[in-house]
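Here is what TrEMBL records for this protein:
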type: REGION; residues: 1-27; note: region 'Disordered'
type: TRANSMEM; residues: 47-66; note: transmembrane segment
type: TRANSMEM; residues: 78-104; note: transmembrane segment
type: TRANSMEM; residues: 116-136; note: transmembrane segment
type: TRANSMEM; residues: 166-187; note: transmembrane segment
type: TRANSMEM; residues: 199-217; note: transmembrane segment
type: TRANSMEM; residues: 271-294; note: transmembrane segment
type: TRANSMEM; residues: 320-346; note: transmembrane segment
type: TRANSMEM; residues: 366-385; note: transmembrane segment
type: TRANSMEM; residues: 391-412; note: transmembrane segment
type: TRANSMEM; residues: 424-447; note: transmembrane segment
type: TRANSMEM; residues: 453-474; note: transmembrane segment
Amino acid sequence: MGEESLKKRKGEHKGREDRQSIQSHEPQTMNLQKQANLFLFPFDPRVGLVSGICMIVGTIIGSGIFVSPKSVLANVEAVGPCLTIWAACGVLATLGALCFAELGTMITKSGGEYPYLMEAFGPIPAFLFSWTSLLVTKPSSFAIICLSFAEYASAPFYPGCDPPQVVIKCLAAAAIVVITIVNSLSVKLGSYLQNFLTAAKMIIVTIIIVSGIVLLAKGKTENFKDSFKDSKISVSSISLAFYNGLWAYDGWNQLNYITEELKNPYRNLPLSIIIGIPLVTVCYVLINISYFTVMTSTELLQSQAVAVTFGDRVLYPASWIVPLFVVFSTLGSANGTCFTAGRLVYVAGREGHMLKVLSYISVKHLTPAPAIIFYGAIAIIYIIPGDIDTLINYFSFAVWIFYGLTVLGLIVMRFTRKELRRPIRIPIIIPVIVTLVSILLVLAPIISAPELAYLYCILFILSGLIVYVLFVHFKFNWPQKISKPITMHLQMLLEVVPEEEVTQ
C-alpha cells in the first residue's frame, strides 16, 4: 500500500514537471516574437491605436514600392490597370490581415501560420509551412530586398544604361554579409541601425508623394489620358501583376503579433488594420501617380531604377537624395527581415525541425548567430542564379499557397472548432473571398504562363514530406550520429551554446 502511494506521488510529480516543461517552452517562443517586435518597433509595449497604425505602416512600406511599379506595369502595360492593381492589392491585404487577426486572437501561439495550420489540419501541413518558410520564402525575400538595394546603389554610377549583373549580384551579396554580421554581433547595434533606416524610408516616401502632388497641381496630367488604352488584360497577366504588387504589401500577415502590445487589442487591432493598410495603399497609389507625372509607360519600363529616374527629372541638382534614401530604405527592410527570420530559424532548430546547433546562442554577443548565418548563406545561394522578377514570382507562388491554406483553416475551424473563443469574429464572406483569390493567384500562372520556377517550388515543398517522414515521424537515430560531430565543431568555431546554458 505504501509503495503504491509512493509510486502515485512520483507519477503526479512527474506529470507536474512535464506540464511545467510544456508551459515553459511556449512562453519562450512568445518572448522571442516580443523581442522581434520590440527590435523593429522600440515603443512603449502598451501602445494605443495611433501607435498600432504606425507599426503597420512601418512594417509594410519597404523596398517593394521602389521595385514593383515596373513589374506591375510590365504585366498590364497601361497606367489605368496598373493603378487599379495597386489599389486591389491593398484591399486584398486588408481582408487577409482581418482573417489573420481573428486567427491570432483565437489561437494565441506565436510562429506565424504554423500553429493555425496545426490546429486546423494537423502536423504535416504545419511542418511543410515551416520547411517552406525557412528554406524558400524567408531567404528569397531577403535576397530580393538585397538585389533591390544593389540596383539602386549601382544605378547612379551607370547613367543611361543598366548596371552589369555581376556588379548587382556582388553588391547584393556584400549587403547580405554585412547585415548578417551586424545582427550576429549585437542586437543593440542592429536596433540602432533599424531606427535610423526606418526614418530614412519615411522621408523618401514623403519626398516622392509631395513632389507628385505639386506636379499634378501644376497640370502634369498628360500621361493619365486614355489610361486604359493598349492594356493587356488576362488572368495570367493580372495574377503576375498581383504577385509583384502584393510583394510590396508583404508583412500584412504578421500584424496579429502586435496584439500583446496594444491597449484594448480586440478593438484596436481590427481598427489598426482597417486604417493602417488603406493608408499604405493610398501612399502606394500616390507614389505610382507621382512616377507617371514625369514618365510615360514606356519610359518607366525602360528605367533601370524608377525612383532614380524620378529624382533626376524632378529634384535635379539634388537628385542624389533619391538613390541614397532608397538605399537606406532597402537596407532597413533587409535588416528587419534578417532579424525576425533569423529568430524563426532559431525556433525551428530548438523544436527539432532543423539542426540543433541553429538554436544555440552566442556566448559573447547573446545573439542566435548560427541561425542568422545560416539564413544569410541560403539568401546568397538564391542571389547567384536569380533575378528580382523571377524571385518575386517564386516567393509569391510559395507564400500564397500557405496564405490560402491558412485562411481556409479559419473557415474549417468555424465548423470543427466551435468551442474556441473568438474575441474578433469577421464575416465568413471575407475568408471565403481571400481563399478563392489565393487559389486563383496560385493556379492562374501555372495554367496560362508555366515557368520552371513554379515546378521547382512545388518539388521543394513536397520534398518536405520526405524530410517529415524520415526525421520527424520515425525519428531515425543515424541523423543524430551524423549531426553530433558537426554540432560540436560548429560550437567551438562560433563559440555558441544551448540557450539553457546562457540563461543559467
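Cβ coordinates come from backbone N, Cα and C, glycine included.
Unlike curated records, TrEMBL annotations are generated automatically.
It should be emphasised that the depicted structure is a prediction, and the values quoted were computed from it without experimental measurement.
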Are the transmembrane segment (391-412) and the transmembrane segment (116-136) close, by which I mean at least 3 Cβ pairs under 8 Å that are 6+ residues apart in sequence?
yes
Applying the under-8 angstroms CB criterion, which one of 116-136, 166-187, 199-217, 424-447, 453-474 scores highest with the transmembrane segment (47-66)?
199-217
Tally Cβ pairs under 8 Å between the transmembrane segment (199-217) and each listed stretch (116-136, 166-187, 271-294, 424-447), then give the stretch with the top tally.
271-294
Mind checking which residues reach the transmembrane segment (424-447)? Cβ under 8 Å, same chain, six or more beyond either end.
92, 95-96, 98-99, 101-102, 105-106, 235-236, 238-240, 242-243, 266, 269-270, 393, 396-397, 400-401, 403-404, 407-408, 410-411, 414, 454
